[in-house]
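As recorded in TrEMBL, the features of this protein are as follows:
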- 1-23: compositional bias 'Basic and acidic residues' (COMPBIAS)
- 35-53: compositional bias 'Basic and acidic residues' (COMPBIAS)
- 625-636: compositional bias 'Basic and acidic residues' (COMPBIAS)
- 1-62: region 'Disordered' (REGION)
- 101-124: region 'Disordered' (REGION)
- 625-650: region 'Disordered' (REGION)
- 188-206: transmembrane segment (TRANSMEM)
- 212-233: transmembrane segment (TRANSMEM)
- 245-269: transmembrane segment (TRANSMEM)
- 299-321: transmembrane segment (TRANSMEM)
- 390-419: transmembrane segment (TRANSMEM)
- 466-485: transmembrane segment (TRANSMEM)
- 497-520: transmembrane segment (TRANSMEM)
- 532-559: transmembrane segment (TRANSMEM)
Amino acid sequence: MLDSKSAPREFSDASTIAERDTGAAHISSPASSRDSFDKFVKDHDSDKNSHDDFSDESDIEDGVDERDGLIAKDLILRPITTHTLDVNEDDDVRGAQALQQQAALSPTPPLSDKAKSKPDQVSWSSLPRKDQLILLTLARLSEPLTQTSLQAYMFYQLKSFNPSLPDSTIASQTGLLQAAFTGAQTKVILVGLLGTSIGALGFGFSESFYTALFWRALGGALNGNIGVMRTMISEIIREKKYQSRAFLLLPMTFNVGVVVGPMLGGLLADPFHTYPGIFGEGGWMGGETGVLWMKRWPYALPNIVSAVFITFSALAVILGLEETLETLRDHQDLGLRLGAFIKRTIFCRRTYTYQPISLSDASPTDIELQPTPTTPTKPKTKGKLPFRRIWTWNVIAILIAHGMLAFHVGTFSNLWFIFLSTPRYVPSSPSNGTTTSNPTLHLPETYTPHPPLTFTGGLSLPPPSIGTSLAILGTIGLALQLLLYPRLSHALGTISSYRLSLLLFPMAYLLAPFLALVPTSSPAPAPADGPLFWIALIAILFIQVLARTFALPATIILLNNASPHPSVLGTVHGIGQSMSSAMRTVGPVLGAWGYGRGLRGGVVGAVWWGMSIWAVLAAGAGRGVREGNGHEVKLEGEEEEEERGKEGRS
């Protein structure tokens, strides 16, 4: 006797389901498998009273025999597809078919009271479309990797262009370089990756400030990826319960780049002098004269490594990233087809596709189930919200708060590595700019520090130590995002965690400049060092990164849900990214200018405290933001359609 568990397997081995795209729906039953199918029907007839999963389907059309009734029943339970699967596929395909048939024919077990009361548990492994999310995070990693890599040595690279320039001028130049990059669907991401790669190579081989500025501006002008990536994630992850983790992927990837990038830049910068035994004169790879191109372009190597990684990311995007734009989803993509071919041939992975069949290919044993209407159905077009109706109060509020947040977060990222690179102030030496101890601070001759307000100087850290500092920042952020953010965000809610996190930024900015006054084990002008110094540095970074860990993902979720209609989701994200880019352009320029003025005036903390006041205002702006549902505005006919959908489900 054939039991109900094995019936789907017999059914899947005996027939395949197809529908002709211009004629009718068919069940194709190969002659060689007819006996197996008849055996299945016979066994079912003799034992059908013992299977409740078949007894409920008594509404099969009159006049159809029991065998045809079972086939029609199976089609009722599943949406009719317009394609067919080849009959001669191997066992793994039959296994997949058997599972689908079993799911369709088997009754759904009742849920226990405990299962009914238990809320859906969302974990990283439960995220849908993980393949696409991985490709997006890989593409996202390119920007922080390149950005933070050069931050470890940018101050010293600019100094090498013109050693006579004062530190205040170098600080202003770094602000311009940072702003030049941020100032200006899959194809956009690809162009952004290639632009970043070209800009990194050009910057690494630059020999003057204006050349470096050009390449940074070019890389920034071609890179607009982050807004597109946020939109694609929102289109891939529709369910709200997954959003807190899905939108956390991009900030997490940023922190991975913050960990790897500075270490990459600090270790590979100026290899001719950093590793003389390998690349220097008489070194293992240098020969008698050393590696000459490393001597001429000491900061090219980390940029070359970054460019190679970015190119690899671009290749992965070409071969695997699917288009999420509604109008382009059904278009043939040569890159995806090539990626599928590589999986089949190189990695020995099979890919299964569907193909239409014509009426002439139908078998004599095919059974016609459903006629196709002679009048073609006009495809339903979705309406789009007009641009003028995008500007709801909540959209305006989140854009203002988002812009203010981007301003001080971007400014901090730039000021932090400048502050770490700036030479320390030597209290015992004369204060004018011609002394050997403070040659580049250019302080007034009558300057005398009066802490806690009037003091100056930086920390004089070398590139490897700067890389370590920035890597600490990324490590803290990554740990918080993996361990603390999902639980606390779930407990507090998105809007509450967002507003609370905004209150931490002013504290971090207020305390940051006082690192110049922390006692160290190495007297100035040597680089700051010692356990007390590193504890203080990590504590300040912890506050800032904790705030950023909760604020940035929550901002993206709130911006996503503030969209008044799904049709303008990409537009809202684009406006948000434009606002963020504008603020991240203006912020570093103004911050670096203010930092330079503070160095010359002997009050290095002025710009930090001004930024703290700005962060307080940004926290106030966050109070005006509320959490939307992403569909606050209804277009004509949408409410009636929702009502019909509810009635159909009930």
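The backbone N, Cα and C atoms fix where each Cβ goes, and this holds for glycine too.
Because TrEMBL annotations are produced automatically, they should be read as predictions rather than curated entries.
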Original post:
So, does the transmembrane segment (245-269) come close enough to the transmembrane segment (532-559) to give 3+ Cβ pairs below 8 Å, pairs being at least 6 apart in sequence?
Top reply: yes
Subject >> Candidate ranges 188-206, 212-233, 245-269, 299-321, 390-419 - greatest C-beta contact count to the transmembrane segment (466-485) (under 8 angstroms) >> reply: 245-269
**OP:** Might you confirm whether the transmembrane segment (245-269) is in contact with the transmembrane segment (188-206), defined here as three or more C-beta pairs under 8 A between residues 6 or more apart in sequence?
**Re:** no
**OP:** Provide the three-state DSSP residue tally for the compositional bias 'Basic and acidic residues' (625-636): helix first, then strand, then coil.
**Re:** 0 helix, 0 strand, 12 coil
Original post:
Going along the chain, which residues at least six beyond the ends of the transmembrane segment (245-269) come within the CB cut-off of under 8 Å?
Top reply: 122, 124, 127, 133, 136-137, 140-153, 156-157, 226, 229-230, 233-234, 236-237, 298-299, 301-302, 305-306, 463-471, 473-475, 477-478, 481-482, 485-486, 548-549, 552-553, 556-557, 560
